[in-house]
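These notes are about the structure you will find just below.
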Amino acid sequence: MSISQLSQMFMTCLSLTMIILILPITFSFITKPSNKWPFQVKNAVKLSFFVSLIPSITCLNLNLQSFTIYYQWFSISSTKINISLQFDQYSMIFMTIALYVTWSILEFAIYYMHTDILINRFFKYLLTFLIAMMILVTANNMFQLFIGWEGVGIMSFLLIGWWYGRADANMAALQAVIYNRVGDIGLMMTMSWLLINTNSWDIQQLFGLTKNMDTTLPATGLLLAATGKSAQFGLHPWLPAAMEGPTPVSALLHSSTMVVAGIFLLIRLHPLIENNNNILTAALCLGAITTLFTATCALTQNDIKKIVGFSTSSQLGLMMVAIGLNQPQLAFLHICTHAFFKAMLFLCSGSIIHSLNDEQDIRKMGGINKTLPLTSSCLTIGSLALMGTPFLAGFFSKDAIIEAINTSHLNAWALVLTLIATSFTAVYSLRIIYFVLMNHPRTLPLSPVNENNPLIANPIKRLAWGSIIAGLILCQYILPNKTQTLTMTPMLKLTALIVSLLGLLTALELASMANKQIKINPTKFTHNFSNMLGFYPHIMHRLMSKLPLMLGQISATQMSDQLWMEKLGPKGIAHTQLLVTQKITHVHKGLIKTYLSIMMLSIIIITIIIMIT
């Protein structure tokens, strides 16, 4: 097949993929609302997935490195802005996986949101969310990338705050916007620097133009942008708060759209940072701190969605560690495998929540394996894949990252933190299995338990297959074809498995202690630190906002009221005149002797003046 034929095939298939996605949104403005519209959206995404398989499989089989399509858009002075689409292994594989996962999530959402009167608008938002992520992934210039970047940001705000009648949902949506705005500053700073110094936003050109430049400033901006969007430590609180949105939103947000956008940005622009040791070290340490801190927070949470949400943040930290190791392909492999089991974990959580009358507290569950066998089996598979159990999807990416950091001569502290976080992953994953699936039911007796609906079963089963075989398939194509290093000792090779087994033993011990504890509410500082998210929200959201409010109150009451209105104002003037007034008030007391004395004194003074003159 010639290059021109390949070009036409790629252009046709990918244009058709995007057109199929855009058509339902376009027709929604023309036609009247229909109960069938959610099914039409689901079928459109399903069809797009099968169409996108053609160029993806072709790209992987022919081992094509990159394929770029240019369209002239507009020009400002000497700067030309093109619609430039880049199709390489990263964009092709990610598009296919995102469409597959979104197809499953939309099918589940038809069941989950069937009672919502605005379900058509909900599906429109989800589809727009997906399209914005597609724009970001395929962009070959910074302006297009910024459009997709802001698109996923605004759609996350609308979807997290979907139940806008709830104060917590509104607060979570605002948190997502505000924290991501901090990250957006970094991306805009990078774009400004690149335009000033290279006069171009074309990504492929930028790599050559910046080769001999000091790229510390734009690389710092990229790291800040990824920190905000991918919820790294410092800008992470919005991610667990985003659990206030509907479960399908959480599944899409955490698997293949919003949160991986920051990591994907660093993967796409990795040549800008690959030779900057300071930025790589910062990314490595930031990722290690994030993965440990969020895994620690997940240990003592009782909301099933919060636990899965914190696990996402922990895995994003692991991806950032891979970026810091100069291994973007490992970070991308983990993005792809993570999408399957994370979406499945959220769908299983949604199925359980609906079956238990919207109950999310794992302490009030139990015995679900008897009443929801399919959901329980898939939840177990997803949890095992998240732990990195051998031969499931998560093993191939997670184990590769831990092997890479084990064999590198980089920061040993980052290695220790990552290994501890890996152990904690096993702890909270098995904690979910223990509390939700095992022992006797702790639920209300009248719970509408039912998973016989194909809208529940089919999406979860599809994602379960992905969680089992995706890692084995993807690692054949994503990992570089080079001679494997055969010098690792068995201990180094088995490190990830060993720490996961330690986590298993720890989880069993904690579960045993939970059944024997005397106090209902643990009072240890370590428990409170984990359960209250390291006190970070209390410090940043309360203390940091309370301090300026108190300062404003003090300046208003003490500085303005007391100083200007009292000390220096009317009361101050009155006080300075008080001493003089007290002295001269004796003259006006109405005593005759006082008046005679004043008169005699006046006569004497006048006489003396006359005699002198």
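Placement of Cβ uses the backbone N, Cα and C atoms for every residue, glycine included.
Annotation comment: Swiss-Prot describes 10-30, 49-69, 117-137, 145-165, 247-267, 279-299, 307-327, 330-350, 376-396, 410-430, 494-514, 592-612 (among others) as transmembrane segment, evidence class sequence analysis.
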Open item on the list: Is it the case that the transmembrane segment (10-30) and the transmembrane segment (247-267) touch, counting contact as three or more CB pairs under 8 Å in which the residues of each pair are 6 or more positions apart?
Closed with: no
Open item on the list: Is it the case that the transmembrane segment (279-299) and the transmembrane segment (49-69) touch, counting contact as three or more CB pairs under 8 Å in which the residues of each pair are 6 or more positions apart?
Closed with: no
- [ ] For the transmembrane segment (330-350), could you work out the same-chain residues 6 or more beyond its ends whose Cβ comes under 8 Å from its Cβ atoms?
- [x] 90, 93-94, 97-98, 101, 104-105, 108, 112, 247-248, 250-252, 254-256, 260, 263-264, 266-267, 304-305, 308, 311-312, 315, 318-320, 322-323, 375, 378-379, 381-383, 385-386, 392-394, 396-398, 400-401, 404, 456, 459-460, 463-464, 466-467, 470-471, 474-475, 478-479
Open item on the list: Do any residues, 6 or more residues outside the transmembrane segment (117-137), come within under 8 Å Cβ-to-Cβ of it, and if so which ones?
Closed with: 18, 21-22, 24-25, 28, 33-34, 37-38, 41, 44-45, 90-91, 94-95, 98-99, 102, 105-106, 109-110, 144-145, 147-149, 151-152, 155-156, 158-159, 162, 246, 248-249, 252, 256-258, 261, 264
Task: Residue numbers, six or more beyond the limits of the transmembrane segment (376-396), whose CB comes under 8 Å of its CB atoms - done: 311, 315, 333, 337-338, 340-342, 344-345, 348-349, 352, 368-369, 422, 425-426, 429-430, 432-433, 436-437, 460-461, 463-464, 466-472, 474-475, 496-497, 500, 503
